Structure formats: structure tokens, C-alpha cells
Amino acid sequence: MNELHTYDTSVESDKFSEFIIYLVSFTEGLTSLASLSVCYLFKDDLKLSPPEVSIIFTIPALPWIFRILIAFCIDFISIASSNRRSYLMLFSALQALGYLGLAIVPLSLFACIISLVLISTGCAFCTTVAEGLVVKNIGGNSRKGCEIIGDFMTAKAVANLLVAYFSGYLLEYFSKTYIFVVTATFPLMITVSSFFMNEKPTVPPKWPGLETQFNRVLIFLSSPQLLPKVLYIFLYTAGPDYDDALFFYCTNELHFDARFMGILRLSYAIASLLGVQLYRRFFWKNKFNKVIFISNMITIPLYISPIILVTRLNKKLHISDKMFFLSGGFLVEATSEIQILPLLSRIAQICPCDLESSVLAAMLSIRSIGKVICNSLSAMMSYMFGITANNFKQLPAFIIVCSIFVILPLLLLPLMEKEHDQQGNYNETFIPLSESESLQFCEENIGMPIKAY
């Protein structure tokens, strides 16, 4: 029978906890090996259109909306006299089961959706556990926090880098079933490793503490210090995007093969890693509003640049389709990382130290709601523009509309500037922490044109 209990990792197991943190991040990057296979599964095997693919991708995103509930479960409800270890073992195995479902269950849309939901749910739980371990390990040390968040993000970026090219290359020689089976082995590394975690029991909390915890999270989210940043992240993720439509255009109209799509993902993985490192090395000392504004001024023209490709203007400029797509996407990826990192670092500085992953999970839930709205708007608008698997006449107009939505979050910059000028006037409940709480925001706001599940 489940009992209310919380656990804290022992001092002796700090290094192993850090290993688990990086393993979760690294494994999440490795599982992107199957992302291209999922896209081709929907496009070629199930014969879905871009609007249908966009709306289907909203369903696996739903578990991430309830991250606040996931965090409370992990913090307050134990399984088999264990908290983090049990959740890691159970839900990493669930994630592996989802990939096996894609491989062995007879092909149907319903079966694919169920498998993706299992994968997404398992990943959401494992990531939430890892974030809680990050908060525990840092203990208010901002220098250590900067190192751990950077290493956490780098672990996923490196894993993405390792499998990006092979996600397309393997599709040229092996079936999707084979790729799904291989990907299913990656979460099992978490299952096996977490078995050796050592958890030390502390004083069990009472249910009234849960209500107090939840109320404090709500108060914190509505505080003037945080609200503009939450709204920025929501608007940044909630606007429609043309990723699914552009994927269909590249594969059906321009006839890019799976190997080139893998090369494309490889370039994005390199750019993502480069963006993180550039911020860590050069831009972290700059005023975050300035970094966000300048990076937006660079990103917006690049974001709208595919209109040159879909109108075939690049041919008049004697630029090949593949070269244009590679260079533009690379720069967007790098500048997107530089743009979001300073904002998230600022959020982390005012996170309460005793709410652990609860505040982070609540903010991630808001971001996930934005992603669901993004996919829904993308599906609705691509349908309104008449975009199908073979009709791309209105794709230029669709790209322009999506680009307008990218500009909207900039309207909140004056509010964030005003808050930034208020030095340290925080409620005593809101004790500044390190940058740890921002790590999952950073890694999921990459903006890649191929969705990874």
C-alpha cells in the first residue's frame, strides 16, 4: 500500500545522484533517434496530412501539462517505501514499453497515439525526478548551479548530436520497427541504474502540508517578479508554427531523403550545443533584456527565411535548396538557445528553495499548455490555408502569419525591464536559488522542426 513519505538522497550518494541526473538528460537525447521514424510513420504509413499530424502531436504533450501534479506525487507519495528510485524505475520502463508498442503492435492510429502517450508520460516523470535531484544537489550554490544546469543541457545536446545523423541514415537501411526497438533500450539504462540509488528517509509530511505547498506555488506564480516571465514563455511557445507543414514540403515537394533529414537534425544538434556554450562563455554577464532583444532581431528574419525556399526565390539567387535549408536552420537554432537562456536564468534566481521541483513543474505545465495550443493552432491554421500533403500554395502566407506570432512576446520586454531594475525586493518566502530550475525550459525550447518523442 502506498504511504505518504519523502526521501532525500544521502550525502554519500551525491555523485551517484548527479550521474542519474545526467543519465536522464542523456537518455532523453538518445531517444530522439526515433523522432524521424515517427514523422515518417505518420506521413508514409498512416497517410496523414500536415494538419492531422499537428493535432495528433498535441496528445502526447498532455502529460506535460500536469507536471505540477507529477511533482507533488514524487514529493509526497512513495511507492514500495521509495520515492525517486521507484518512479525512475517504473516510468523509464513505461517509456521503453511505449517504443516497443510502436515496434510490435499492429499498425493503427490509435495504437500509435497510445504508445506516444506512454513515452511522453514516462519521460515527464523521469525528467521531473531529475529536476528535483538537481535542486537537492545544488543547495543554493549559484556557482554549482550554473555548472550543473550547463552540464545537464550539454548531456542532452551531446546525445542529440550522437544520434541525429543516424536517425536518418538508419531509415535508409533498416525498418522503422528496428529503430523503435533500438530506441526502447535507452530508457532501460535508467531502469537499471536507478535500482542502485540510495535514498535516506526523512520526516514524513502531512496532507495539510501539501495544501500549503500548493498555495505557495500559486502565490509565487502570480508574483510580480515572475508573472511577466511566465507570460513571455507562454507566448513564446503558444504561437502557431510551420514545422510540420515544412517537413511535408521538404520530403514530398523537394524530395529530401531520410539521410538528408538526419543531416539536418545533426546541424540543429550542433547549433543547439553551440548556442548553450556561447551563452555560458560570453553572454551570461550581459543584461538579459538586451540579449533577448538582440537575439530576437536576429532570429525573426531567419525564422521567416523559409519563405525564400517555398517561393523558389533561392533558385534565382543560385542557392541550392539543401544548402539554404541547412544554413538558415542552423542559425535559428543557435540564436534560439541564446535568446531563451538569460530569461530562464533570471527566473531561477527568484525560485523558492523549499518547494523543490513544484514551482518548476508548475512553470513547465504552463509552457506545456503553450505547446498544446501551438500544435492546435498550427493544425487549425494549416487546414484553413488549405495545406495538405501535396498542396503547398498557401505555405508562404502561413509562414508569414507564424512569424508575426514570434514577434508578439517582445511586447512584454518593458515589463521585464521594469522588474529587472528592482534590485532584490522579494518576499522573504522567495529565497533566491541557483539556475537549476530553468534547465528543462532551456532544453525543450529549442524550436526544432522535427518533434522528438
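A Cβ is built for glycine as well, from the same backbone N, Cα and C atoms used for every other residue.
All TrEMBL annotations are machine predictions without curation.
The transmembrane segment annotation in TrEMBL covers 20-42, 54-79, 99-127, 148-171, 177-196, 217-238, 258-279, 291-311, 395-413.
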Interface check, the transmembrane segment (148-171) with the transmembrane segment (291-311), three or more C-beta pairs under 8 A:
no
Three or more CB pairs closer than 8 Å, sequence separation of 6 or more: does that hold for the transmembrane segment (20-42) against the transmembrane segment (258-279)?
yes
Looking at the stretches 54-79, 99-127, 258-279, 291-311, which one shares the most CB pairs under 8 Å with the transmembrane segment (395-413)?
291-311
